[in-house]
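Student: Got a structure here, written out as structure tokens. Questions coming.
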Amino acid sequence: MVRESMEEGLLTSRYQLPPNETKPTSNGADGDSLADNLNMPSQPAASSLTPVLVFSTFVAVCGSFSYGCSLGYSSPAETGIMEDLDLSLAEYSVFGSIMTIGGMVGAILSGKITDLIGRKRTMWFSDVFCTVGWLAIAFAKNALWLDIGRLLIGLGVSIFCYVVPVYVAEIAPKSYRGSFASSNQLMTSSGFAIMFFVGSFISWRTLTMIGTIPCVVQIIGLFFIPESPRWLAKCGREKEFEASLKRLMGENSDISEEAAEIKDYIATLEQQTEASFLELFQRRYADALIVGVGLMLLQQLGGNSAVAYYTSSIFKESGISGSLGLQVLAVLQIPVATLGLLLMDRSGRRPLLLVSASGLCFSYFLQGLAFCFKELPNLKALTPPLVLSCTLIGATAFTIGLGGIPWIIMSEIFPINVKAQAGSLVTLVNWSTAWIMTYSFNFMMDWSLAGTFFFFSGISGLTVLFVAKLVPETKERTLEEIQASITHSFSVI
């Protein structure tokens, strides 16, 4: 029987060979990336890029693009939806935040579904939910259909958040895995940026149809790409496994070494003892839980999801044109995401997290001051440029660090026997906290514009202390070294 822990192990744990064999080594800078920390065998040196491999990756990351579109939709659509459907602030807050409720459900189900029906079918499954959700919003006549559509999108994209990086990691050669895995975050930022930019010019109903495009492209493209060879191997479908591997590596390539390593890997995982969910709360895993759950809580309590959902409202409160502000922010997203990916392999996790949290603390504090200036006649003129500048600084700081690194660290600090349970727990914490913040944000703004951002600044300051005191550096360390240092009684299972 296939073990649930294999789902997360495929993504993040270092490959453990049988005693008689030599442990493969990473090459070059790739060793620092999330993809290099995968618990999978390395590809033969002869592995090279093939059209099927590139196309398969493109089709998969269409799911990431869809996720980015869902994140960027609510802010440019806010004014149009509230005016056309006569929604109250509370009703739109529900619409903006309900995606995270669907996300919580999808986060719990994603691992099981991906392992049960395979990577391709899971992406199809997610596409159906996302497409139906976008169409429900496009033709909505009242708040109920808006909420149903947003809920379905949340369910679909939360599964994408899991299955897309799993599939890409399982098909990519080791020598290219870092850059291929990076395309996931880049496409998410691209979808977010396009929604922000295009949403300034078109109606909210037309904008929803743009959200369906990556889903339709992926639905069609999935007919032409192979299933993950590693999933086929662990299901015992040997002929299909070899055929899939052959397509990905090239028809004239020798797949014998790669096939043998994958089979050894599957055999090794079958010998692992999977812990129950309650065993996750043993003392030996306490430090890892504190780091994993703490980073997810602080990431969302820092308010970035809420700020992203309601950026247009923030700009309007400061006296800036909502459409102009969104366009500037959209233009910034893709180059900043690219910069973050380049820095990841060079500077390490902790330095980027510290810079990111410090930048957010600084930008939110200045943003709070800017809204204080709004009440002072002599300083009121400073509010619009200061809010715009701080929003851009905050978006940059979040993207290069707190946006993605907590997920990477989560994948590195938990031993494989509790990785599935721990991954579900911290993902649920992330989505549930995101729901609380996105729902309450408009009410916090009504309470105090300046106070809201001073609160976020304080949380970001706590994040700096948390990272400095508790979060380990995982760059250039094996998973065994990381887990031995963070657990009280680590042992290789």
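For all residues, glycine too, the Cβ spot is worked out from N, Cα and C.
What you are looking at is a predicted structure, and each value in this text was computed from that prediction instead of being measured.
Quick paste from TrEMBL:
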DOMAIN    56-475  domain 'Major facilitator superfamily (MFS) profile'
REGION    1-37  region 'Disordered'
TRANSMEM  52-73  transmembrane segment
TRANSMEM  93-111  transmembrane segment
TRANSMEM  123-145  transmembrane segment
TRANSMEM  151-172  transmembrane segment
TRANSMEM  184-202  transmembrane segment
TRANSMEM  208-225  transmembrane segment
TRANSMEM  288-312  transmembrane segment
TRANSMEM  324-344  transmembrane segment
TRANSMEM  351-371  transmembrane segment
TRANSMEM  386-410  transmembrane segment
TRANSMEM  422-441  transmembrane segment
TRANSMEM  447-468  transmembrane segment
Student: Give me the stretch from 93-111, 324-344, 386-410 with the greatest number of Cβ pairs under 8 Å to the transmembrane segment (184-202).
Tutor: 324-344
Student: Is the transmembrane segment (288-312) in contact with the transmembrane segment (351-371), using at least 3 Cβ pairs under 8 Å (sequence separation of 6 or more) as the test?
Tutor: yes
Student: Among 93-111, 151-172, 288-312, 386-410, 422-441, which stretch has the most Cβ pairs under 8 Å to the transmembrane segment (324-344)?
Tutor: 386-410
Student: Other than its close neighbours in sequence, what residues sit by the transmembrane segment (422-441), given a CB gap under 8 Å and a spacing of at least six beyond its ends?
Tutor: 8, 93-94, 96-98, 100-101, 103-104, 107-108, 111, 158, 162, 280, 285, 288-289, 292-293, 296-297, 299-301, 303, 305-307, 309-310, 406, 410-411, 414, 452
Student: List, by number or range, the same-chain residues at least 6 past the transmembrane segment (208-225) whose CB is under 8 A from its CB atoms?
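Tutor: Contacts of the transmembrane segment (208-225) (Cβ under 8 Å, skipping residues fewer than 6 from its ends): 52, 55-56, 58-60, 62-63, 65-66, 69-70, 73, 120, 123-124, 127, 130-131, 134-135, 137-138, 153, 191, 194-195, 198.
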Student: By a Cβ-Cβ criterion of under 8 Å, what residues six or more beyond either terminus of the transmembrane segment (288-312) are in contact with it?
Tutor: 71-72, 74-76, 78-79, 96-97, 100, 192, 196, 280-281, 322, 325-326, 329, 357, 360, 364, 391, 394, 398, 402-403, 406, 409-410, 413-414, 422, 425-427, 429-430, 433-434, 436-438, 440-442, 445, 452, 455-456, 459-460, 462-463, 466, 470-472, 483, 486-487
Student: Mind checking which residues reach the transmembrane segment (386-410)? Cβ under 8 Å, same chain, six or more beyond either end.
Tutor: 34, 185, 189, 291-292, 295-296, 298-299, 302, 304, 307, 311, 314-315, 318, 320, 325, 328-329, 332-333, 336-337, 339-340, 343-344, 349, 352-360, 362-364, 366-367, 369-371, 373, 422-423, 426, 430, 463, 471, 474
